[in-house]
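These notes are about the structure you will find just below.
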Amino acid sequence: MTCRIALIAHDKKKDDMIALAREYAEFLRNCKLYATGTTGGRLVKEVGLEVERKHSGPLGGDLQIGSMLVEGHIDAIIFLRDPMTPQPHEPDINALVRSCDVHNVACATNLATAHLVLSQLQAGAAK
Ligand SMILES: O=C(CO)COP(=O)(O)O
């Protein structure tokens, strides 16, 4: 089954997200990808991935992805959060991460975990 993954990164983590996506590009090309607006735009432009883009995070993009997750349409989230910068939409960010816990969906919020999740999903897809 095609893996459905949401990719989200705060501004200071976007370069990390691009590097991560490049590393797993071959696998990610075979997934159904969703992203918040700005993250998605960069993934399309700089990595050449096909991504369904939602609104930018501060405009409700995290909530849109959270809603999809609650409906059972997302298998994993890579959410590279910036723990050092206050975000205007902090409640939305918390709601998305909480939804992952409520619905038992894998949620990687830092690079180390993102590598573990993506390498595991990639290995599963190769079986
Ligand atoms: O703010 C975000 C996640 O909380 C990310 O939104 P953008 O991808 O639009 O920058």
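The backbone N, Cα and C atoms fix where each Cβ goes, and this holds for glycine too.
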Residue from HIS89, HIS103 that TrEMBL also lists as binding substrate with HIS10, LYS14, THR36, GLY37, THR38, THR39, SER56, GLY57: HIS89
Segment-level pLDDT (mean, integer) for the domain 'MGS-like' (1-127): 97
Lowest local Cβ density among THR38, SER56, which the record lists as binding-site residues, within 10 Å: SER56
